[in-house]
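Undergrad: I have a structure here, written as structure tokens, and I will follow up with some questions on it.
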Amino acid sequence: MPLLLLFISLLLRLGQLVMANSPSGSCSSTEDCTSGCCSTSGFCGFGPTFCGKGNCTSSCDAKAECGRDYNCPLNVCCSQYGFCGTTDEFCGTGSCSGSSSDTRIVGYYSSSAYTRTCNFWSPENIDPGLWTHLIYAFALIGSDYRIAQGTSFDIELYPRFTGLKRSSAGLSTLISVGGWDEGGKIFSDMVSTSATRSTFINSVMSFMATYGFDGIDLDWEYPAALDRGGLAADTENYVDLVKELKAACGTRYTVTVTLPSSYWYLQGFDVSGMEPYVDWFHFMSYDIHGTWDGNSPYTKSVVQPHTNLTEIKEGLDLLWRNNIDSQKVVLGEAFYGRSFTLSGGNPGKCTATSGILSDAEIQEVISEHGLTPMFDEAAGIKYIVWNDNQW
């Protein structure tokens, strides 16, 4: 299998977000809190008990994420400790009911699958009858703010990819712009003015007409995220881009936006502002965790599955809190797994990237080592262990 990301239309109203509870950790007059004020009792926190005059010994000017004069992004709740979240510790959420539908089955085709040394996949290897929509990943944004090809062979692959429509009536093909490797700064620069947005939109319209694409997927990772080169103005400017892009596309072309599942990155999206101008959102329920977690000052080197039901539910709750129509939410699943050697796992021979294995490589490991995958029912994930140190 290529690194196809399967998206199945999701109409379920689910779950809640787990963020932070009360500040934790001890402190003193000489040891500041990582987050919060240090109270005379030697614990970190916010509010008068911790930060008030006579109650605080250090870090007394610390500011909480939220409070009386500052609401949390995405309409989540503010706890008594000054942290944003949606679990009972913050505000409590009720159970919800709903129904589901599979009217959209969307597949991402990564052009990197075309150059793999094994498990090679070309557009012709895709069964077009399985999908309602296929998305080519990725095109980029050039320094002139026009859409640009991602690799030297994309020009050859575009017509072969869109040509799949000839053998499957009703299939639509989209081009995805962005992705993790593209970063956020070029997006931030492009959306910053009406003129640069117009340049991008005009180039997209010409691109889709030239290569036979039926729409565009915007995969900006991530607006307003400082660690991704973003700016606070990105949130509003992204809405302007989507609004202007949809005005140009009309009903002829589809416009979709890819969303992260984590509160940390999703808070940079004005999902309510975007909703009227997108045909649907792609919700990434994968890569919630990975080797990058090992660098976190909060969790340290904790090995976690890159996706799980609990955090998927929590992420979707952010959309329901903002009254996003569930019929405009398409759930994304990854046809690959994350691997570890209590760091990044050994590279697969085909994907050749530490910390990730394609589905085909996972199946080969299972067969070669005679493994029986273990299933975590609560999280809804399977995992395997082999060679004593590979996860």
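Yeah, the Cβs are placed from backbone N, Cα and C, and that goes for glycine too.
Just so you know, TrEMBL annotations never went through curation; they're auto-generated.
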Undergrad: Which of Cys60, Cys84 is the other half of the disulfide bond that TrEMBL records for Cys72?
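TA: Among Cys60, Cys84, the cysteine that TrEMBL links to Cys72 by a disulfide bond is Cys84.
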Undergrad: For Cys91, which disulfide partner does TrEMBL record out of Cys77, Cys78, Cys96?
TA: Cys77
Undergrad: Within 10 Å of the Cβ of Cys91 (disulfide bond), how many other Cβ atoms are there?
TA: 15
Undergrad: What does the structure give for the C-alpha distance between Cys91 (disulfide bond) and Cys84 (disulfide bond)? Integer Å is fine.
TA: 10
Undergrad: So if I measure Cβ to Cβ from Cys77 (disulfide bond) and keep only same-chain residues at least 6 apart in sequence, which ones fall under 8 Å?
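TA: When sequence neighbours closer than 6 are ignored, Cys77 (disulfide bond) has Cys84, Gly85, Thr86, Phe90, Cys91 within Cβ distance under 8 Å.
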Undergrad: Can you tell me how many other Cβ atoms are located within 10 Å of the Cβ belonging to Cys84 (disulfide bond)?
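TA: Excluding its own Cβ, Cys84 (disulfide bond) sees 24 Cβ atoms within 10 Å.
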